[in-house]
Amino acid sequence: MKAGRSMMSMEEASKRRPFFTSPDELYDEEYYEKQSPEKKHRLSSEQVHLLEKSFEEENKLEPERKTQLAKKLGLQPRQVAVWFQNRRARWKTKQLERDFDVLKSSYDTLLSSYDSIMKENEKLKSEVVSLNEKLQVQAKEVPEEPLCDKKVDPIPVDEDMAPIFGTRVEDHLSSGSVGSAVVDEGSPQVVVDSVDSYILADNYGGCVGPVERVQSEEEDGSDDGRSYLDVFVVSETEHQNHEEGETLGWWTNMYYVG
DNA sequence: TTGTGTTTTATTGCCTCC
DNA sequence: GGAGGCAATAAAACACAA
């Protein structure tokens, strides 16, 4: 509502509507019959005030209350009913605006939370990427470090597994640690491309030794469908010695299954 | 003064309830 | 079927800027 309109005094109202001098006169059906059908009559501020008070008490209008209000305000019961009708419509519109504001506020709060969570997520992601890169760099540096910096655990071959592994070991270790290993074809872990090739056998606990000699199946003389390799295994120390011209280690036999 | 936007009053048509 | 409520709408009343 624009300023000034609802603040119109009774005096001003009476100037605009000089026909009424009392509520009884206002409640005169003949007045409405005399008015041109297009004319609309603004209620006075007093009438509006009373209607508002009544609306606050109860926004629905029972017939009895409608009649009483109409008499009190000098209006047609129909006018009172229409006023309540329109007032309910205005209240509903305002209520929708209030609901919208509440929802919008809630939405803004959620959006803000979402944004900060997303930022945190991005930060964590970049941390993961950074850490992965560091890991890769470290992984590349490993071959340059001592080749056997951890203890070599014996390959767990129990009696049941022995026929499958078909290990033929010429174990030169007095300690009884690893002397042979089977290399699965699914994960080629033996690289033989030169005399100085290294066995990349995880089964040796990371210990890598240069391949001194390769014995083929034919050379081995076996006919069980397996490909045998005679491999010279060296320890870290032995590898270092080998680099210096000495070769200390032991021969063992490995074969591919299948 | 006038054009324009807003508010208020009133009507119409449809729907629900008793 | 009548009474009453509601949504949509018309139109008058009003405020205000240019």
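Glycine residues also receive a Cβ, built from the backbone N, Cα and C atoms like all the rest.
Just so you know, TrEMBL annotations never went through curation; they're auto-generated.
What TrEMBL records for this protein:
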REGION    A:1-21  region 'Disordered'
DOMAIN    A:34-94  domain 'Homeobox'
DNA_BIND  A:36-95  DNA-binding region
COILED    A:114-141  coiled coil
What same-chain residues lie close to the coiled coil (A:114-141): Cβ under 8 Å, and 6 or more beyond its ends? none
Compute the average pLDDT of the predicted model within the coiled coil (A:114-141). 95
